[in-house]
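According to Swiss-Prot, the features are:
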MOD_RES   Lys5  N6,N6,N6-trimethyllysine
BINDING   Asn114, Thr164, Lys168, Arg286, His318, Ser370  substrate binding site
ACT_SITE  Lys166  active site, proton acceptor
MOD_RES   Lys192  N6-carboxylysine
BINDING   Lys192, Asp194, Glu195  Mg(2+) binding site
ACT_SITE  His285  active site, proton acceptor
SITE      Lys325  site 'Transition state stabilizer'
Amino acid sequence: SVGFKAGVKDYKLTYYTPDYETKDTDILAAFRVTPQPGVPPEEAGAAVAAESSTGTWTTVWTDGLTSLDRYKGRCYHIEPVAGEENQFIAYVAYPLDLFEEGSVTNMFTSIVGNVFGFKALRALRLEDLRIPNAYVKTFQGPPHGIQVERDKLNKYGRPLLGCTIKPKLGLSAKNYGRAVYECLRGGLDFTKDDENVNSQPFMRWRDRFLFCAEALYKAQAETGEIKGHYLNATAGTCEEMIKRAVFARELGVPIVMHDYLTGGFTANTSLAHYCRDNGLLLHIHRAMHAVIDRQKNHGMHFRVLAKALRLSGGDHIHSGTVVGKLEGEREITLGFVDLLRDDFVEKDRSRGIYFTQDWVSLPGVLPVASGGIHVWHMPALTEIFGDDSVLQFGGGTLGHPWGNAPGAVANRVALEACVQARNEGRDLASEGNQIIREASKWSPELAAACEVWKE
């Protein structure tokens, strides 16, 4: 076309391209779009593609200085959501050149930036992303990954056990260290700083790090097993965060922790790089995730946040428990658990996986099941999550009537019983309660725990 035609034109003329063949290098996104009444789905889908890539609300003459065809996002497919009125899944393809290499921050600023406040949409949710091989390869990913972690800890063939130290706020460093020691001495692999524990007036970070390290070495010497405590390095500035990680390294501990959403992806990626360079494992907590992922029609699904974390870097991440929830949620949760652990995951809509994802040998992340679980859940957890997971019992350890160490013993005995039963070919789903009962006959600690938390 000759000259430049000013004015507002429909997005769908430029950004809705149903004939587009997606490239292997494109980043693909699946959005759940709820248009305002009267807005056709094609226009809404095209608007999403435009606003999250090259588009603006009106035609600008500087468009003529670049090749939109090369840089624009394209809405290439739209399908109605079954059982929902006026909801659509819009598939958008983004050219790889729109994104800075190795930056989750930049990827999100584009894909889930301003577009979520867009007037023509009543609501918008990012359900899934396909990260192309070429982009995955620009990320370091998890500092160590599942296999290296097992080798460092010398623990194989079973899930790992953790416990969050409670009360989360108010303990002095010395008493906190004592609780850590008792749990590790009883048989847990890890204890954990609560995500809110950073460096408050009642317990400064350096004191906590010191007493936790002492507890850890004492428990290690007495049990002959390698122990860890997730020292929370999250801080108000990146510099302070790295300072804490450096001190953890100087103490010689195996693992530190970070709140990746409140801390931010830039801070998280910096910490992940430090951890790989210095041999520290990195435990990731997902505080704030529900702000983003809880609404069914707006925000982002957790599987997207999980993929982003695997790119940014973390060796463990909290990912829900599944136990006692609805069947459907179990499939969906297992979907993103596989996305965290496996090298290659096939598209499977029944599990909420919209795209086939190839991680091209990026290390895997251990999913952490945490929150409201106790010994009676152990068979189900072992069956659902398998060996490559961390099972975290906070109250389920510290709430034991005889104290922390017996609580830890109960959990370890229950876990070992479940793993042994599984290896003998028994069905944990149907025989779980019986397996726990049998084990509690020779473990008074487990028997007491079974009594407190009736099945």
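All positions are counted from 1 along the displayed chain.
Heads up, the Cβ atoms here are built off N, Cα and C, so glycines get one too.
Overlay of Swiss-Prot feature records on the structure.
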residue : record                       : DSSP (3 states)
Asn114  : substrate binding site       : helix
Thr164  : substrate binding site       : strand
Lys192  : N6-carboxylysine             : strand
His285  : active site, proton acceptor : strand
His318  : substrate binding site       : strand
Ser370  : substrate binding site       : strand
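In space, Asp194 is the closest of the recorded positions Lys5, Lys192, Asp194, Glu195, His285 to Lys168 (substrate binding site), judged by Cα positions. Each of the recorded positions Lys166, Lys192, His285, Arg286, His318 was scored by the other Cβ atoms within 10 Å of its Cβ; the lowest score goes to Lys166. Comparing Asn114 (substrate binding site) with Glu195 (Mg(2+) binding site), their Cα atoms are 29 Å apart once rounded. Neighbour density for Asp194 (Mg(2+) binding site): within 10 A of its CB lie 18 other CB atoms from the protein chains shown.
Every protein chain shown contributes to the tally, and the Cβ of Lys5 (N6,N6,N6-trimethyllysine) ends up with 8 other Cβ atoms within 10 Å.
Taking only the Cα positions, the spacing between His285 (active site, proton acceptor) and Thr164 (substrate binding site) is 12 angstrom. On its own chain, Ser370 (substrate binding site) has Gly162, Thr164, His318, Thr321, Leu391, Gln392, Gly394 as residues at least 6 apart in sequence with a Cβ closer than 8 Å to its own Cβ. The CA atom of Glu195 (Mg(2+) binding site) is located 9 Å away from the CA atom of Arg286 (substrate binding site).
Sorted by the number of other CB atoms within 10 A, the binding-site residues Asn114, Thr164 start with Asn114, the lowest.
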